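According to TrEMBL, the protein carries these features:
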- C420: active site, phosphocysteine intermediate (ACT_SITE)
- N334, I335: substrate binding site (BINDING)
- 179-435: domain 'Myotubularin phosphatase' (DOMAIN)
Amino acid sequence: MEGAGSWEALEWTKTEPVTRSVSHLNLDCLLEAERVIVEGYGVVLVNINVAGTLFVTNFRLLFLSEGTRNIVPLGTIPLATIEKFNKMAVKIQSTPRNTDKASPQRLLQVTGKDMRIIVFGFRPWTKQRRAIFDALVRCTKPERIWDLYAFTCGPSKFSNTNPKVRLLNEYFRLLGRGFHHASKSMIEDESFTFSNDLWRISDRNSNYTMCQSYPFALVIPKSISDEEVFQASTFRARCRIPVVSWCHPENGAVLARSSQPLVGIMMNTRSNADEKLVAALCTQLVGGGQLRRKLYIADARPRKNALANGAMGGGSESSSNYFQSEIVFFGIDNIHAMRESFTRLRDYLDTHGAASSDGMSSFLRHGGWTWGGGNLSSMSASVSTLGDSGWLIHVQSVLAGSAWIAARIAKESASVLVHCRLGSFMSLLLFTTPC
């Protein structure tokens, strides 16, 4: 991207080019099995106008201050948290002391998933920016998954490193069978289908042919057969049937997940297998017998979005078809609205933050006044911009929905089935629901 920018002239004279070999580096700040791929000297972190050395390792982008040789946190970011990076050339207007036509400053902008926008400036007439850029291309998207740092930093400190083994052990705990211990041989033999009075572990998806985005083992009601599980999968988007994610240790109510039902544009398509599976989530044991508990079906979308999805074959459940259930819509916007709001929030932070990507802090932007300086108009404008991003409304909706679900399980002993926008909910529900 070529263009005129507002960056001040970078102070390249702060450091002198030095020739050193990466192979002879001995940095105390490197982690176990972390190794330097390439380095650049005399680099300026434009956000805070600090000169130093920039390293690309097999784990992170590492920036050390030239004066102290300490890590500069703002300019250091793990490779896995880099969203994108690109080269920029910004033309700096000449000053009275330097009337010669200046060549564009060579910059590298790194956008992080943590909302950071980091800009590095490189010395002209060097190939350091190209070397750093090429190393980032190779290391952020390696040809083999085994080249990731996670697989080279030594053995895991966890006793069970196999994710399937860890998943089964969690299922055993959920079923009250914590004295069982999963093993690789148990998975290979498919001898992990334990059960209790209400729930069982199904191996119907052991080879991922039913649902590619679900795990190999699923916790489902004991009364539902594997054939009924398969029939129900044809009625759910991407075959994501209702499955148990968590069970309250005292009242037995469950938190279940699924995708939207495929009810169609007329909202009248039904599935006996799906209705039976959902109904089984309401079962509870009382005095040696089975009773039905209340079931809430929490659709995270706005109601109008659920109806609109019916035109594409999706939709939402009808309480008349799912006995003793209540449908609740949380009104959370779709992923496209979330992404747009997140982009506006990132722009807001880059504009009003103390270390913005163009090196101008909020202090400079507002004529020497920060929020603490009492410039009411600047503060009002900033708050208005943050509100316009819509991000706080999205966060409020997710937190309110999560708290509501937790209250239904804990206070009413009701089971809850959640679908749509599920990814946003699950990480919060695990923390907000009483254990």
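Each Cβ is built from the backbone N, Cα and C atoms, and glycine gets one as well.
Quick caveat, the model's predicted, so the values are computed rather than measured.
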Task: Most Cβ neighbours inside 10 Å, all chains, among the recorded positions I335, C420 - done: C420
Task: Cα distance (Å, whole number) from C420 (active site, phosphocysteine intermediate) to I335 (substrate binding site) - done: 10
TODO: Could you pull the average pLDDT for the domain 'Myotubularin phosphatase' (179-435)?
DONE: 84
